[in-house]
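> Quick one: structure below, then a few questions.
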Amino acid sequence: MRSTYKTIGLWVILIVLFVAFYNFFSQGNDQVQEPSFTQLLTKVEEKKVQEVAVKGNTYSGKFTDTSEKFRTTGPAPDAAMLNQLRSNGVDVKYEREEQNSLWLTILGQWMPVVFLFLFFIFFMRQLQGGSGKAMTFGKSKAKLLSESHNKVTFADVAGADECKEELEEIVAFLKDPKKFTKLGGRIPKGVLMMGSPGTGKTLLARAVAGEAGVPFFSISGSDFVEMFVGVGASRVRDLFEQGKKNAPCIIFIDEIDAVGRHRGAGLGGGHDEREQTLNQLLVEMDGFESNDGVILIAATNRPDVLDPALQRPGRFDRRIVVPRPDVKGRLGVLKVHTRRVPLAPEVDLEVIARGTPGMTGADLENLVNESALMAARQNKERVDLSDFEAAKDKVFMGPERRSMIMTEKEKKNTAVHEAGHALLAKLLPGCDPLHKVTIIPRGQALGVTWSLPTEDKVNGYKKQMLDQISMAMGGRIAEELMFNEMSSGAANDIERATETARAMVCRWGMSEKMGPLAFGKSDGEVFLGRDFNSSKDYSEDTARQIDAEVRNIVVGCYERGKNLLTENIEALRRVSDALVEYETLDAEDVNILLQGGQLTRERPPPRVNAPPKATEKKDKRKILDALEGLPAMEPKKA
């Protein structure tokens with residue numbers, strides 16, 4: 001409230017000063033002549049003076065011919081002068097002479113300076129967020145989190161048990177340090193959490209803040225860098241000064257790769273503001289001055305670009321990898337996020353956990369949220385299994401685009417393409433089990449064939465790779481067999497098949513001709529601090545052999561898939577016809593069709609393309625009529 005009154009008062013003062021400033025400088029803007037006293041008397045004799053106001057020795061008035069004002073000084077008026085003025089028809093007025101106040105004179109002279117000074121102070125206060133300090137660019141932007149602010153505990157974290165144990169030990173050290181120091185141990189100075197986006201690194205840090213019971217400072221890595229040189233290093237110093245004053249405490253830096261990338265490499269030059277900030281951070285973490293009681297926790301999903309000096313023991317003593325959750329972890333995450341969601345009795349979270357391999361904690365939270373939104377959209381009291389299935393389809397494959405207009409030819413081609421993928425997924429043993437196939441456009445795809453593994457996979461095997469390449473080419477093969485034509489819809493399939501084959505040859509040593517060798521190195525992104533001058537470690541002849549081997553693998557898988565689909569051409573036709581009729585088939589539907597059965601479930605409502613409007617038909621007819629009357633264009637002569 002006091003801040004509001006101060007702001008209102010400051011605005012009132014500024015407005016008053018502005019009005020006074022304007023009035024002061026607006027005085028005398030009218031055109032006023034200053035003739036000599038002799039010239040004034042001549043004008044009087046010529047009867048060109050309308051009126052004269054006498055104020056001491058000052059004569060002011062207005063001319064008759066030009067209506068312009070004048071002001072001049074002369075001797076004190078006497079009787080002869082007054083008679084001369086009256087005889088020439090001049091209206092004479094007397095005005096009392098006033099003494100100017102000294103304070104008014106000083107105010108008029110110093111008012112512009114005071115106004116500019118107050119305006120500058122007001123501008124700086126607004127620029128600095130009203131902190132009242134002249135310059136606060138070098139101050140840390142770390143936020144001190146209170147215990148009651150969105151409190152998260154380790155009970156809210158699931159799917160990362162080993163990471164929780166490491167961080168719980170940090171919390172235990174802060175609560176009872178003697179338990180560890182009596183045996184000569186010391187508290188870790190820093191903890192670096194690494195993992196894919198969405199695995200729960202920031203959530204773990206929030207859990208530490210809720211459990212530690214000590215001051216917790218939170219800041220982002222990008223908050224250190226500004227356009228002013230030296231600001232980042234100053235903010236690092238200020239951050240650790242705050243930490244020392246509040247020790248024991250925890251400092252959390254999110255996305256530390258924004259400030260902790262490799263030094264002295266990349267296209268950005270050898271020395272810049274980020275490197276200066278990083279150098280100061282290295283000194284503060286482990287320099288001559290000790291930071292006892294200040295624990296630094298950082299999170300990043302790009303550990304490969306961090307500077308080696310930042311990751312050494314003494315700065316980050318512990319490096320915790322936060323992985324994607326397995327089946328058990330996904331079940332725990334689902335239980336955490338469904339605590340406030342009413343579930344139908346048939347919903348089995350363990351089944352959902354098994355059907356969502358590769359999903360992170362953030363993905364699962366989004367899945368639960370989408371399921372709840374879909375149930376609410378249909379006015380349901382509880383979230384049932386169909387809502388989870390629909391949400392899973394939306395998260396994995398993208399939202400449906402039922403309004404997209406497709407011709408019958410495009411629809412049939414898409415059905416044949418997806419039927420080729422689905423049929424090879426059922427026939428090849430190395431492919432993941434088929435889950436669903438649809439020709440409803442989703443995301444950027446016209447159709448989707450979705451396979452789900454039955455368990456989490458750690459390694460890939462050669463036979464599986466070859467089967468996956470054959471399945472990826474199944475869409476192109478089916479188009480060739482059914483229509484004797486090729487479309488551009490297989491572009492992404494061909495790209496994935498080629499990438500897999502090249503990785504088999506160059507990275508995994510799965511080529512019999514090239515042997516168990518690795519060819520080439522990953523150059524990395526030069527802007528991320530990687531080496532700019534990197535070269536191939538093999539000859540041009542070897543490169544030609546690699547290209548030939550990649551081609552042999554892809555073409556061999558193509559021919560294998562073509563033979564399988566040729567042998568099962570009737571099954572391919574049944575699946576494609578069912579896709580045209582039903583638009584979406586699950587694994588059970590495909591099994592029925594492969595066994596020669598017929599589907600008996602209800603058909604979806606047809607998607608009818610909207611007919612053109614009458615006005616559109618008239619406009620098109622006018623254009624065609626106009627074109628018929630034009631002469632044919634002749635080719636230009638060279």
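Glycine is no exception: its Cβ is also placed from the backbone N, Cα and C atoms.
Keep in mind that this is a model prediction, so the values were computed, not measured.
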> According to Swiss-Prot, H417, H421 bind Zn(2+); which of D317, D326, D348, D493 is also listed for that site?
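It is D493, as the record lists it for that site.
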> Where P197 (ATP binding site) and H421 (Zn(2+) binding site) are concerned, what is their Cα separation in Å, rounded?
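Per the Cα atoms, P197 (ATP binding site) and H421 (Zn(2+) binding site) stand 30 Å apart.
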> I need the nearest neighbour of S196 (ATP binding site) among the recorded positions H417, E418, H421, D493, using C-alpha distances.
D493
> Compute the mean position of the Cβ atoms of G195, S196, P197, G198, T199, G200, K201, T202, which form the recorded ATP site, and then list in sequence order the other residues of that chain whose Cβ is within 8 Å of it.
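Other same-chain residues with Cβ inside the cutoff are A299, N301, V322, T360, G361, A362.
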> Mind giving me a neighbour count for T202 (ATP binding site)? Other Cβ atoms within 10 Å of its Cβ, every protein chain shown.
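Its Cβ has 17 other Cβ atoms within 10 Å.
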> I need the nearest neighbour of T202 (ATP binding site) among the recorded positions H417, E418, H421, D493, using C-alpha distances.
D493
> Here the recorded positions are E418, D493; which one has the lowest number of other Cβ atoms no more than 10 Å from its Cβ?
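Result for the recorded positions E418, D493: minimum number of other Cβ atoms within 10 Å at D493.
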> Helix, strand or coil by DSSP: which one applies to G195 (ATP binding site)?
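For G195 (ATP binding site) - judged by DSSP and reduced to three states - the answer is strand.
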> To the nearest whole angstrom, what is the C-alpha distance linking G200 (ATP binding site) and D493 (Zn(2+) binding site)?
32
